[in-house]
Amino acid sequence: MDRLQTFYDRLATWRDGLPALVVSAGVLLIAIGAALALHAVIFDKILARRLRRDTLAAILLRRARRPLRLVAVLLAVAMVAPGLTLPLSLHDVLRQMAAVAIVILIGWAVLIVIDVLAEWSFRRYRLDATDNLMARKYVTQVRILRRTAKIVVVILTIGAVLVTFEGVREYGVSLFASAGAAGLVLGIAARPVLSNLIAGIQIALTQPIRLDDVVVIEGEWGRIEEIYATFVVVKIWDWRRMVVPLSYFIEQPFQNWTRQSATILGSVYWYVDYTMPMAEMRAKAEELIASDPLWDGQAKGVQVVDADRQTMQVRAVMSSRDSGANFDLRCNVREGMLAWMQEVHPDSLPRNRGELSVAPEPEPRRSGSDGFRPR
């Protein structure tokens, strides 16, 4: 016991011999280290089993692990700060750092809650289903609103952090006092960003496009691959990507093939001779359509839709569950009918007709009274 008391006395003497700033820094580091160790023990030992569960609370805790680490550090600093012997300027620095950290922590926590709630709500819908119209509606709406909300939270957090500084706060008051010309300049500079953000909210509410929609933009066929806060990525059929600003879908016309349903009606055209028996051609085309597994069984038909001096134009219409299946179905029917016409009715393929006539030989000229030319 005497030895322990002697050790404490020597430690106190050694501590008193050190500068107060060094002692305070050591205490602060020890407090931060203890807070980090306690945080690790709680998450790795106490809550380890609960964090492996697939519940909303477990997901929130897993995502909040790093923000809670910052909370532990702030609590440790707040507990030991009153007993530290520090210059007044350092106390002010610690107070400012704590205020900034608290604001960042609040913004961080709000972003995590937004992400977790959005991802949790997506579990009720499947985008890989055959009829995924409702899923695409919901996921598109939530993703756009989530990204818009996150941008707003980040902007507000940055503004709140800046307001914690006295100089920035005074500058902000003076800026608001003379906000006429400055506000006009900022409004003009931020117009493209603001217009796209507003367009994103409009798209989320009215939904002219959704994720996985089939669209035709500037003559390019593709699918809506991703919708961001200010632009849309369209995956073109040949795997190129077209990046389109959100405002385009509010201000410019475009084609949306899956606005109400993914089911689509496609057509195939042939040019044939007038000698083609339409009853046989209609029966063969409908047979090819009905026997193809890509046909959804809803609509099919064959008609003569046009005729000129040399050929008639025959159109076959057919429906499929989506545009990709309809493209393949049209190719199959087109190839099948061409093979059938070449094999069964090659004479009814388009041809050019001409008529040749032989002029009669001219009669010999007569010069004498008997009708013969004298020699």
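Glycine is treated like the rest: Cβ placed from N, Cα and C.
Now, the feature entries from TrEMBL:
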COMPBIAS  362-375  compositional bias 'Basic and acidic residues'
DOMAIN    193-259  domain 'Mechanosensitive ion channel MscS'
REGION    348-375  region 'Disordered'
TRANSMEM  20-43  transmembrane segment
TRANSMEM  70-90  transmembrane segment
TRANSMEM  96-118  transmembrane segment
TRANSMEM  144-165  transmembrane segment
TRANSMEM  171-190  transmembrane segment
*State the non-local partners of the transmembrane segment (144-165) in its own chain: residues 6+ outside its ends, Cβ under 8 Å from one of its Cβ atoms.*
96, 99-100, 103-104, 106-107, 110-111, 114-115, 118, 172, 197, 200-201, 203-204, 227-229
*By DSSP, how many residues in the domain 'Mechanosensitive ion channel MscS' (193-259) are helix, how many strand, and how many coil?*
18 helix, 25 strand, 24 coil
*Looking only at the domain 'Mechanosensitive ion channel MscS' (193-259), report the model's average pLDDT.*
86
